[in-house]
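**Student:** Handing you a structure now.
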Amino acid sequence: MFELQVSEDGSKYRLLGVRGLRPVRRLPDALLIGVKKSGTRALLEFLRLHPDVRAAGSEIHFFDRHYHKGFNWYRKKMPPTIEGQVTMEKTPSYFVTKEVPYRVKRMNPDTKLLVVVRDPVTRAVSDYTQAASKKNKSGMLNFECLAFVKDSGYNVVDTSWGPVRIGVYARHLTRWLRYFPLRQMMFISGERLIIDPAAEMARVQDFLGLKRVVTEKHFYFNATKGFPCLLKSEGRSTPHCLGKTKGRSHPRIDPKALEKLREFYKPFNLRFYQMTGIDFGWP
Ligand SMILES: Nc1ncnc2c1ncn2[C@@H]1O[C@H](COP(=O)(O)OS(=O)(=O)O)[C@@H](OP(=O)(O)O)[C@H]1O
């Protein structure tokens, strides 16, 4: 029951003690790969309530931006864990970045992959709302101008615009399925995560092989915020909600533009339902 660990330079051996009792930084067992603006922060915060889950707090962007720094750099960004605990990281851009599936497979072909998805139309509006909140408002075109090709009268969707492109989930998933079997991926409805977080958490904990510790007793619905919030969590004795950048009010968008965007997404959504075997029920 003693563990030998190779030191950083690979030359010396050190006796660590009883296997698994000393917390060490490990590469993630599970990744929350997306999708941006679908509820990824909420899911990660809910998972962190579990004593057997340890997750990096911020988005590390290893597989899309820092890959050249190597796996050891990435490992050092992870929280220390003891054996049996699940190490996690979330970076929502992983789902839509071409190179990422291959790189994750190289790290560990058994990595479990979690994907939160939300109606791509509201997701696009949420993405736009975030971008607009960062810019000075006068410098930002309105949603309708950005989502459609100029002078097309809402008839041609601009698929090169990030907030639109990200929502074509079937296309991104096709890439992941070249490297990972579907059974290694779990899809979580962003809508259900708001309506019934405990039920979604039960499924997620099962998928990760964890005891169902996070249950309805951890949540309450905060009517002012309009979202489920947490009754208690590690290091906090008082109830709290996610920050004010989560659950922003969205601008009014021309209903005709929204309708056209819904039409655009329909075949991709149906394809996504077929691929995952889940009907997400988006209008
Ligand atoms: N419990 C709870 N509290 C607050 N917000 C919640 C919650 N559950 C899901 N959501 C939805 O999460 C949306 C933000 O998604 P992400 O966390 O994935 O955004 S990000 O990609 O990390 O920026 C955010 O989008 P907006 O409503 O557009 O701000 C929320 O709708």
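First residue shown is number 1, and so on along the chain.
Using N, Cα and C of the backbone, Cβ positions are placed for all residues, glycine too.
A quick note: this is a predicted structure, and the numbers were derived from the prediction, not measured.
So TrEMBL lists the following for this protein:
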ACT_SITE  Lys37  active site, for sulfotransferase activity
BINDING   Lys37, Ser38, Gly39, Thr40, Arg41, Arg118, Ser126, Lys246, Gly247, Arg248, Ser249, His250  3'-phosphoadenylyl sulfate binding site
DISULFID  Cys229-Cys241  disulfide bond
DOMAIN    28-266  domain 'Sulfotransferase'
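Each of these features: where is it, how hidden is it, and who are its neighbours?
**Tutor:** Counting only same-chain residues six or more apart in sequence, the Cβ atoms lying under 8 angstroms from the Cβ of Lys37 (active site, for sulfotransferase activity) belong to Pro92, Arg118, Arg123, Ser126, Asp127, Gln130. Secondary structure from DSSP puts Lys37 (active site, for sulfotransferase activity) in coil.
In the shown protein chains, 18 other C-beta atoms lie within 10 A of the C-beta of Arg41 (3'-phosphoadenylyl sulfate binding site).
All protein chains considered, the CB of Cys229 (disulfide bond) has 19 other CB atoms within 10 Å.
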**Student:** Among the binding-site residues listed here, Ser126, Ser249, which has the most company in the form of other Cβ atoms within 10 Å of its Cβ?
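**Tutor:** Result of the Cβ crowding comparison: Ser126.
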**Student:** Distance between Ser249 (3'-phosphoadenylyl sulfate binding site) and Cys241 (disulfide bond) at the Cα atoms, whole Å?
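**Tutor:** Roughly 16 Å, rounded to the nearest whole number.
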**Student:** For the binding-site residues listed here (Gly39, Gly247), which one has the lowest count of neighbouring CB atoms within 10 Å of its own CB?
**Tutor:** Gly247
**Student:** What same-chain residues, at least 6 away in sequence, bring their CB to under 8 Å of the CB of Cys241 (disulfide bond)?
**Tutor:** Asn222, Lys225, Phe227, Cys229, Leu230, Gly247
**Student:** Out of Lys37, Gly39, Arg41, Ser126, Gly247, Ser249, which recorded positions have CB atoms lying under 6 Å from ligand 1?
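**Tutor:** Once distances to ligand 1 are taken from each Cβ, Lys37, Gly39, Arg41, Ser126, Gly247 fall under 6 Å.
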